[in-house]
Amino acid sequence: MWLPLPLLLGLLQLQPILSYQIDWNKLERINRGKVESCGGUQLNRLKEVKGFVTEDLPLYHNLEMKHIPGADPELVLITSRYEELERIPLSDMKRDEINQLLKDLGFYRKSSPDAPVPAEFKMAPARASGDTKEDL
């Protein structure tokens with residue numbers, strides 16, 4: 001069986017995001033996140049990730065940047081007690097894939113860095129007990 005070239009290329013573009021499967025049982029206590037990365041050397045070679053870090057990350061509520069010299073870019077998911085739940089490597093992801101992952105995880109994206117966060121999203125991405133991805 002063969003696939004048409006456009007479909008095959010489309011599937012290949014989805015590969016990085018499909019390589020990380022969200023385990024909702026493990027991440028049910030997610031409350032916030034941070035992106036850890038070096039400030040220059042790694043990011044300058046990763047244009048998509050650098051675009052996300054410099055332009056998109058400031059728009060997300062409960063998501064912060066932490067510069068660590070020499071560190072590969074990772075999304076670190078954290079509980080309300082600052083316990084680490086998961087580390088997701090970002091180096092192989094495209095900017096839109098990182099944004100989609102954050103959306104899937106329930107992070108709220110503001111229209112501008114200074115925009116207010118609606119009351120219902122103040123605790124995002126935290127979910128009430130029993131909420132599922134479909135409830136987001």
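Each residue, glycine too, has its Cβ placed from N, Cα and C.
Checked against Swiss-Prot, the range among 33-58, 111-136 recorded as region 'Disordered' is 111-136. Around Unk41 (active site, nucleophile), the same-chain residues at least 6 positions away in sequence with a Cβ under 8 Å from its Cβ are Gly70. Around Cys38 (active site, nucleophile), the same-chain residues at least 6 positions away in sequence with a Cβ under 8 Å from its Cβ are His67, Ile68, Pro69, Gly70, Ala71.
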